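Before any comments, here is the structure.
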Amino acid sequence: MIVVSEIADLKTIISEWKQNQETIGFCPTMGTLHDGHMDLVKTSKGQCTKTIVSIFINPTQFNDPKDFDAYPKNTESDLKLCEEHGVDLVFLPSVEVIYPKSQTPIQMSIPSLQTTLCGRTRPGHFEGVLQIVSKLFHLTEPNYGFFGLKDYQQYRIISAMVEELNFPIKILGVPTKRESDGLAMSSRNLRLSPKDRETASLIPRMFQLAKKTLLGGEKNLIVWKEILTDFLLTGSNVKIDYLEIVDPITLQPLSNLNGELLLATAVFVGEVRLIDNEVLVSP
């Protein structure tokens, strides 16, 4: 496995791979890797001849400096995990390499996809995501980009950017990897106290309740949302950032329970913000 931190070294390797007609898969991460990230790697290795993982905690997508400072860093174990799973190259740049002071900052946005869900409560977050992902796409020149569907809004926004700006990249969403109790895998789970970790299991149980009530014939969106909200709030130390029912493509709020829908939530359990979602079908 190759580990590089400089753009020039990365470009040299990419150039060689392109000359050899390798198919390149790219998995951008912020480190503290877990089995969910490794599912991205496995999917890439099944699709591509070379797999790149980037590890970069991007400061421009944090609207809360405390959140950035608290973000866990485990570079040594991350590299070991990548090597064990057959990653070909890890790009491990510094902030100075990605955002040199000589550059003029550019801001990107897709307003129609950023006004709901996390975009409503985290101003500037997706501008930062689009900025770093577009940079990394240009640097790694992949044929495929792999993104976890736990961050569904991010997946949709990046897919739209690639389509709108004609990036020669195919974006693939990888299903959410879950813990044994159904909680979506996330580096943030490490910050939960034992009691809060138990409380967090309300989130996957809420999705089970959502399916059960839909199959039971619930058709009133307002009533359905109230049922799910009340269930989440049975947990101590829980604060709901949002619980929304939106169109899976446009991410705009729905007014009724007909056909395919995206149920998405962000919940604070203690000080830790957890997100999850599921695409459901109302019969």
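The backbone N, Cα and C atoms fix where each Cβ goes, and this holds for glycine too.
Database features, via Swiss-Prot:
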ACT_SITE  HIS37  active site, proton donor
BINDING   30-37, 148-151, 185-188  ATP binding site
BINDING   GLN61, GLN154  (R)-pantoate binding site
BINDING   GLN61  beta-alanine binding site
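Annotated features, which come from Swiss-Prot, shown on the structure.
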{"residue": "MET30", "record": "ATP binding site", "contacts (Cβ under 8 Å, 6+ apart)": "ILE55, PHE56, ILE57, ASN58, TYR71, SER187"}
{"residue": "THR32", "record": "ATP binding site", "contacts (Cβ under 8 Å, 6+ apart)": "TYR71, PRO72, LYS73, ASN74, ASP78, SER187, LEU190"}
{"residue": "HIS34", "record": "ATP binding site", "contacts (Cβ under 8 Å, 6+ apart)": "LYS177, MET185, SER186, SER187"}
{"residue": "GLY36", "record": "ATP binding site", "contacts (Cβ under 8 Å, 6+ apart)": "GLY148, LYS150, THR176, LYS177, ALA184, MET185, SER186"}
{"residue": "HIS37", "record": "active site, proton donor", "contacts (Cβ under 8 Å, 6+ apart)": "CYS27, THR29, VAL53, LEU81, GLY148"}
{"residue": "GLN61", "record": "(R)-pantoate binding site", "contacts (Cβ under 8 Å, 6+ apart)": "GLY124, HIS125, PHE126, GLU127, GLY128, VAL129, GLN131, ILE132"}
{"residue": "GLN154", "record": "(R)-pantoate binding site", "contacts (Cβ under 8 Å, 6+ apart)": "PHE126, VAL129, PHE147"}
Fewest other C-beta atoms within 10 angstroms, as judged across GLY148, SER187, which are the binding-site residues: SER187
Fewest other Cβ within 10 angstroms of its own Cβ, chosen from the binding-site residues LYS150, MET185: MET185
Helix, strand or coil at MET185 (ATP binding site) [DSSP, three-state]: coil
